[in-house]
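Participant: Got a structure for you, questions after.
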C-alpha cells in the first residue's frame, strides 16, 4: 500500500495557478527521461495521464509548468546526472513557478535524501505510483511529499495506455510485466521496481490491437525480466497471441534473463516470422567465478548452450548483451574470459560499463569483505572496459560491413536527420538511412532496401 493516506479529490487549481478554463491553453509538462525502455514507456504514460487533466507536452523545460524527471538507479552516474539536471531546472522554477517532481528508481530508493538535499523539488514518487500522478500534482500545490509505496491496485501498476497518444507512430512499447524476483548481487532493480507482477494477457493483447488500430506496426513488449511472464499464459504463448493481432507486423521484447530462456521461446523464434530476429540476452561476464559472485544462476557453458540454440533456431539472429567490467574480485584472467566470450559469440552490440556499487545490493555490502570480493582499482577497470569496447566496435563494424550489397527489409519509421533521407530499421534492429522521399517510403511501410554503405553504428541504402 502507499506510504501516504489517500489524497484529497476535492476540486483544486492545477499546478502553478488556477485551473484553466475549457477555452484556455493547456498547462505544459516537460519530461526528462533517464535510463531504460521501461522508463521511456512510463514517461509516455505520465504524459497521457496528465493530458486528461489539461496538460500538453512541452518541447523544453523553459515553457513548462511542471517538470518531471524520470530517473534510473542502475548506475551511480545516473544519479549524478539527475542532480546536475535539477540544478539547471531550478531557474525555470524560479522564473515560471513550475513544479518539479522526481520519479522512477532513484525516487523510489532515495526519496528522503532527495527532498532534504534538493529543497526546490516539490514531490517524489516511485514507479508504482504513476497512476496517481494527477492527484499528486494537486497535492503538491500545498506541501512537499514522497509517495513511494508499492500499490496493490493493478490500475496503478499498469496504467491504461491511450492508443490515441500513439497515433502517428510506427513503433510503441507495451508493458507486459514489471519487477524482478532475481537477486543478482549487483542489481538494485528488485529494490526499486519490486517483485514481479505480470499484466493479464488479454490486457496486453488488447493494447496491441488498439495500437494497431491507430497505425502502430511494431510493438516491443517490455519488463525487467519479461520472459518470466506469468499473466495467464507463458511468455511464448503471449508472443503468439500478439502475433495474431491484425496490423502488427513486428514484435520485439526486452529484457530477458538467460535462466528463463525456455525451449518454447526458442521455438517461437523458429516458427513465428513476426517475432523479429533480435534478442537482448545479458551475460554480464565470461567468467564462471564472477557469475557465481554475481548470483546469475548460470555458467558460461549454460549461457552458450542457450545462445547456440537461438542461433540454430533462427539463423542470422542478432544477439546483443550486457557486460559489467571490474566486478569485485575480477582478475585479469576473468576479464580475458569475457573478451574471449565476446569474440566467440560475436555479439551485435554490448552495453558495457564499469561496476558501480548500488545501495543495499549484495555486492555493495560484501565489497572488500574477503579476497574474492576485493575492489578492482578504477584505473584497471576503465582500461579493461576500453579494451572490451574496442573489440565490440570492431565486431559490430564487421557485422555491418557484411550487409553491403544485400537487399533487406526496412520498416520505415519517419524522416532521418539528413535532408532527403528516411529512417528505418531492419528485422535485426539495425538502423538504416534510406535515400528516398516520403512518397516512396512512407512511415509504416516495409520496403526493400539495397545496402550501399556501412559506417559507425548504422547502414545506408537505396530502394531496391
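We count from 1, first residue shown onward.
For all residues, glycine too, the Cβ spot is worked out from N, Cα and C.
Annotation comment: Swiss-Prot describes 36, 72, 105 as [4Fe-4S] cluster 1 binding site, evidence class sequence analysis. The feature [4Fe-4S] cluster 2 binding site is assigned by Swiss-Prot to 180, 184, 187. Annotation source Swiss-Prot lists compositional bias 'Low complexity' at 8-18. What Swiss-Prot lists as domain 'MTTase N-terminal' is 27-142. The domain 'Radical SAM core' feature in Swiss-Prot is assigned to 166-398; the stated evidence is sequence analysis. What Swiss-Prot lists as domain 'TRAM' is 401-464, and the listing cites sequence analysis. Among the features that Swiss-Prot reports, region 'Disordered' is placed at 1-24.
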Participant: Among the binding-site residues listed here, 105, 180, 184, 187, which has the most company in the form of other Cβ atoms within 10 Å of its Cβ?
Facilitator: 105
Participant: So, in DSSP terms, is residue 105 ([4Fe-4S] cluster 1 binding site) helix, strand, or coil?
Facilitator: helix
Participant: Give me the sequence-ordered set of same-chain residues, not including 180, 184, 187, with a C-beta within 8 angstroms of the centroid of the [4Fe-4S] cluster 2 site's C-beta atoms.
Facilitator: 182, 183, 186, 188, 189, 190, 224, 225
Participant: Should residue 36 ([4Fe-4S] cluster 1 binding site) be counted as helix, strand, or coil on the basis of DSSP?
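Facilitator: Assignment for residue 36 ([4Fe-4S] cluster 1 binding site) reads coil.
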Participant: Fewest other C-beta atoms within 10 angstroms of its own C-beta: which of the binding-site residues 36, 72 fits that?
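Facilitator: If we count Cβ atoms within 10 Å for the binding-site residues 36, 72, the smallest count is at 36.
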Participant: I need the CA-to-CA distance for residue 180 ([4Fe-4S] cluster 2 binding site) versus residue 36 ([4Fe-4S] cluster 1 binding site), whole Å please.
Facilitator: 15
Participant: Would you mind reading off the Cα separation of residue 72 ([4Fe-4S] cluster 1 binding site) from residue 187 ([4Fe-4S] cluster 2 binding site), to the nearest angstrom?
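Facilitator: Between the alpha carbons of residue 72 ([4Fe-4S] cluster 1 binding site) and residue 187 ([4Fe-4S] cluster 2 binding site) there are 12 Å.
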Participant: When the domain 'MTTase N-terminal' (27-142) is classified with DSSP, how many of its residues are helical, how many are strand and how many are coil?
Facilitator: 65 helix, 25 strand, 26 coil
Participant: How do the residues of the domain 'TRAM' (401-464) split into helix, strand and coil according to DSSP?
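Facilitator: DSSP composition of the domain 'TRAM' (401-464): 1 helix, 35 strand, 28 coil.
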Participant: Given residue 105 ([4Fe-4S] cluster 1 binding site) and residue 187 ([4Fe-4S] cluster 2 binding site), what distance in Å do their CA atoms have, once rounded to a whole number?
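Facilitator: Counting only the Cα atoms, the answer is 12 Å.
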